[in-house]
Amino acid sequence: MDSKYQCVKLNDGHFMPVLGFGTYAPAEVPKSKALEATKLAIEAGFRHIDSAHLYNNEEQVGLAIRSKIADGSVKREDIFYTSKLWCNSHRPELVRPALERSLKNLQLDYVDLYLIHFPVSVKPGEEVIPKDENGKILFDTVDLCATWEAVEKCKDAGLAKSIGVSNFNRRQLEMILNKPGLKYKPVCNQVECHPYFNQRKLLDFCKSKDIVLVAYSALGSHREEPWVDPNSPVLLEDPVLCALAKKHKRTPALIALRYQLQRGVVVLAKSYNEQRIRQNVQVFEFQLTSEEMKAIDGLNRNVRYLTLDIFAGPPNYPFSDEY
């Protein structure tokens, strides 16, 4: 297999490419950009494409995948596509219809991976963040173990090859793993992870349970207000990363991506810029020494860019625990 498509074996026997293309973009970015960027990513060598119902771009991303299949660039089985169940569909009876809606938007028969996007539940309906007349979020109370059972049924039905979670803390992972009658373990936990927030404890826990950690915001470049504090430090301007980039004749982004691969983390690189999309697949062309890895480990300062504190309050809010 070409180094560009290096994969990790998941606990269910399926394989996931270790470098993924993240398709999220702020609301003001035209959706047509998701179509163009996803096509460029596949042309550049990305085979793992990450999206979600929340991103409101699955129609465009699906079209990009299907157009690259139609022109002979790739086969469907070459592409590893991830979608995610949003918080307004946690009730067990809403899980399969939510996935079927994503598949209809994508015009695909199955997804390779379906994740519970975030562990806090909100009231069902069309609104992704439903609020009352005072602007308060309308939360829902759902047993995530029941949600997980409904996700397992999607795997049994062949609608998702693999299933996992995102933004879960250790306690929430243990709740699923210790569930009586568990049929399938989550294959992965997709979380924010980068040199300023390296998730060492959660990574060690996931490895001990044969769960892959997938890193989003791996470049810390998602600085969209009001989600991210504009005063938070800019990761890609870090002097250590910049010095290593200079030494290896690479970009600071590539250093941050390579760091994750060498510690056994699957990494998502999100960019709509053609040059950077092409650059990011160079992550397989060089290696960091153990000293360089240690230096990057030393940058950790527990800076979580995406606190999602609008969801704080309910007991399932994941980021109050240490990890």
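Here the Cβ of each residue, glycine as well, is placed from N, Cα and C on the backbone.
Residues or ranges marked as active site, proton donor by Swiss-Prot on the basis of similarity to another entry: Tyr55. The number of other Cβ atoms within 10 Å of the Cβ belonging to Tyr55 (active site, proton donor), over all protein chains shown, comes to 21.
The Cβ of Gly20 (NADP(+) binding site) has 27 neighbouring Cβ atoms from other residues within 10 Å, across all protein chains displayed. Under the DSSP three-state reduction, Gly20 (NADP(+) binding site) is assigned to strand. What Swiss-Prot records for 20-24, Asp50, 166-167, Gln190, 216-222, 270-280 is NADP(+) binding site, and it gives experimental evidence as the kind of evidence.
Taken from Swiss-Prot, the feature substrate binding site applies to Tyr24, His117, His222, Trp227. For His117 (substrate binding site), the same-chain residues lying six or more positions away in sequence with a CB closer than 8 A to its CB are Ala52, His53, Leu54, Lys84, Leu85, Trp86, Cys87, Ser166, Asn167.
Annotation source Swiss-Prot lists site 'Important for substrate specificity' at Leu54. DSSP gives Leu54 (site 'Important for substrate specificity') a helix state. Other Cβ atoms within 10 Å of the Cβ of Leu54 (site 'Important for substrate specificity'), summed over all protein chains shown, number 18.
Look at Lys84 (site 'Lowers pKa of active site Tyr'): DSSP puts it in a strand. All chains included, 26 other C-beta atoms sit within 10 angstroms of the C-beta of Lys84 (site 'Lowers pKa of active site Tyr'). Residues or ranges marked as site 'Lowers pKa of active site Tyr' by Swiss-Prot on the basis of similarity to another entry: Lys84.
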Spatial separation of His222 (substrate binding site) from Arg278 (NADP(+) binding site) - C-alpha basis, Å: 19
Conformational class of His117 (substrate binding site) under the three-state DSSP mapping: coil
Other same-chain residues whose Cβ falls within 8 Å of the Cβ centroid of Tyr24, His117, His222, Trp227, the recorded substrate site, in sequence order: Leu54, Tyr55, Tyr216, Ser217, Glu224, Leu306
Site diameter for substrate, Å, by largest Cα distance between Tyr24, His117, His222, Trp227: 17
Chain-internal residues, separated by at least six, CB under 8 A from His222 (substrate binding site): Tyr24, Val228, Lys270, Tyr305, Leu306
Leu219 (NADP(+) binding site) in three-state DSSP notation: coil
